[in-house]
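Taken straight from TrEMBL:
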- A:CYS435, A:CYS438, A:CYS474, A:CYS477: Zn(2+) 1 binding site (BINDING)
- A:CYS444, A:CYS447, A:CYS462, A:CYS465: Zn(2+) 2 binding site (BINDING)
- A:7-16: compositional bias 'Gly residues' (COMPBIAS)
- A:56-167: domain 'Primosomal protein N' 3' DNA-binding' (DOMAIN)
- A:1-21: region 'Disordered' (REGION)
Amino acid sequence: MSRENGAGVGEGGGGAPEPEQLALIRESVRKAKVPRAKPRTWRGAALAKELPVARVLVDKGVLHLDRYFDYAVPEELDEAAQPGVRVRVRFGAGSRNVREGRREGGGLIDGFIVERRAETEYTGPLAALAQVVSPEPVLGAELLDLARAVADRYAGSLADVLQLAVPPRHARAESRAAVPPPAPPAPPGAGSWRRYAHGEEFLSALASGASPRAVWTALPGPQWAEEIARAVRATLASGRGALVVVPTGRPAARVDAALTELLGEGQHALLTADAGQERRYREWLSVRRGEVRAVVGTRAAMFAPVRDLGLVVVWDDGDANHSDDRAPFPHVREVLELRATRDRCGFLLGGWSCTVEAAQLVESGWAAPLVADREQVRGAAPLVRTVGDGDLARDEAARAARLPTLAWRAVREGLRHGPVLVQVPRRGYVPRLACERCREPARCRGCAGPLEAQDSGAALRCGWCGVEEGAWHCGECGGFRLRAQVVGARRTAEELGRAFPAVPVRTSGREQVLDTVPGTPALVVSTPGAEPVADGGYAAALLLDGWAMLGRPDLRAGEDALRRWIGAAALVRSQNAGGTVVVVAEATLRPVQALVRWDPVGHAVRELGERAELGFPPVSRMAAVSGRPEALAEFLAAAELPPDAVVLGPVPVREAAPGPSRRPGAAPPGEQWERVLIRVPPGSGAALAAALKVAQAARMARGAKGTREGPAEAVRIRVDPLDIG
DNA sequence: AGCACGCCGACT
DNA sequence: GTCGGCGTGCTC
């Protein structure tokens, strides 16, 4: 007797079970090869009269198989069991146990109904839906399609993507009464969009229902948020919805305020991670239900189910916060690109700086540049000066001043007119060295800046001026041995406070981020990304540790440094208003020159050309695969990569280290992992992702043989790894 | 991942 | 005969 035979104990669909049971057994005996038209169930529950089969996406990440499972729809759940609703189903071998009394052995797990159908292709008896969690159809067809596209693009599972895309349920938030959708507003005036060559054109295209795509290089200053709000309002005026994604809560609050100003209260939703579960779900639901047509939020908002999407906006796409940190690590820019293409909606990628990826969107013709002419740029940007090795050699006074003269003067001059911003890399970013004996910090003989070890064993360099120090000894106690210390904003603040007594010093960093500072003279020491906005703009900014920012062993080091510098410099008053920026870095370096000329696009275009030549992303597509050496080797042996794929490595991966320099797929503590990079030429990205996904799925399904360690261990796959050595 | 099934050797 | 070892494979 087959299991299937013994299983046929009941039948749904109404009517007396007896003759149908016989038919069922007959069918089983014939070893039925033909898919059954009618679903059968374990229990004799009555089924829905129409479309008695629910195709369910089982929300179980470990399955790593993007498959649907068919369940029977009991009559009493017929009405609630609509496509998109959350359900609970029995899943697992236990539910198939034929022995009496243990038929329901499998565990209850969550899932979504993706479709109602008349028949099933499954040749066994169907289990019935256990429960419809709520009648709210949270997973619409469009969101499902998008999630699937994202899963494919990133070689991840659909269930993983849905975990990012659909927020956890909160019952109280659902019970709120429906609110009628707002009427479309009138299109806004162009406002400060007039500063850009095609700004007005872009807005009127959106307002007329068209879907323009642009890479927008925003002029420095605070107007960007209002400009985004105007683009949103123009889109709403066309009767469509709009979605804005920004890196963190602070810019989200800025756009939120600008939208409230331009649209009034209650016309848009704010979706950020720091809101509580209930509030987050409530806002998300109001978007899904069409009660608000505009959304601003951080990265999880990229999936927000906005109705009739007319425009997607991403601000500052170079910020690492746009890359989700949960598998399969989708990036906001890429996801919104997918949405713009699939939904044929407008696309606006904006920032003060310009990523290589953004430059590529323009170069490929997918998006148009939206830039201001040089005249406008010169009028809005501060004056940028550099302090490098050459300057320092001639700088006698620097020794006494503890800072290069130019920097010192710029700070002192700036403090006469307002607040001065000092940007220092994040704590842990730059290890500071100190005398092992007396703990006196190791300082540069030229400018008294902190000495740093480039790499273990290599020469020491000054973190301020970049000059090498060949023969250090402690000036206090004469010691020759160094120990690593960590320098942060606080320590820098102390040092600068001593250099400029009688001036208030404030710090903004990871632990405590200041949002704004008054326009009165003060030193504001901040880590990149945490810079407060100064009322009326900063009078000056000092960008320290340029060498450390540029010297990171990362493909994006130059682009990243430029983006951080521009991010700080954009908060400084224009050159006409006396705004000055001093960057302590070698003036001949490309990112430094780009900052001086305020030409982020030129920098990105040149980088893009170089990446194309070297076969680096984003011109080619890369994926990082990491895991224990045997697991990785097995994976690579089994994977059928596209013929044009090139495997680089494997190389050992460092263990997960604290700080921003964590590597993709860092090994868990105590384990030695390896990583390969797999590169494919343009056009083969989808094939690579598909191959990786298939190989991973096979691995998960099969289980690794030959290893003592037991079942197959997943390798970590990351398409578009963030930092490539 | 669970969990059941099943093919094998040792036991009442 | 029957109990239970873990090696495979499925989950609607």
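Just so you know, the numbers here start at 1 and follow the chain as drawn.
For all residues, glycine too, the Cβ spot is worked out from N, Cα and C.
Overlay of TrEMBL annotations on the structure.
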residue  : record                : DSSP (3 states)
A:CYS435 : Zn(2+) 1 binding site : strand
A:CYS444 : Zn(2+) 2 binding site : coil
A:CYS462 : Zn(2+) 2 binding site : strand
A:CYS474 : Zn(2+) 1 binding site : coil
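Across the structure, A:CYS477 (Zn(2+) 1 binding site) and A:CYS444 (Zn(2+) 2 binding site) place their CA atoms 16 angstrom apart. Fewest Cβ neighbours within 10 Å among the binding-site residues A:CYS435, A:CYS444, A:CYS462, A:CYS474, A:CYS477: that distinction goes to A:CYS477.
A separation of roughly 15 Å, to the nearest angstrom, links the Cα atoms of A:CYS462 (Zn(2+) 2 binding site) and A:CYS474 (Zn(2+) 1 binding site). Calculated from their C-alpha atoms, the gap between A:CYS435 (Zn(2+) 1 binding site) and A:CYS444 (Zn(2+) 2 binding site) amounts to 13 Å. The two recorded residues, A:CYS474 (Zn(2+) 1 binding site) and A:CYS444 (Zn(2+) 2 binding site), show a Cα separation of 11 Å.
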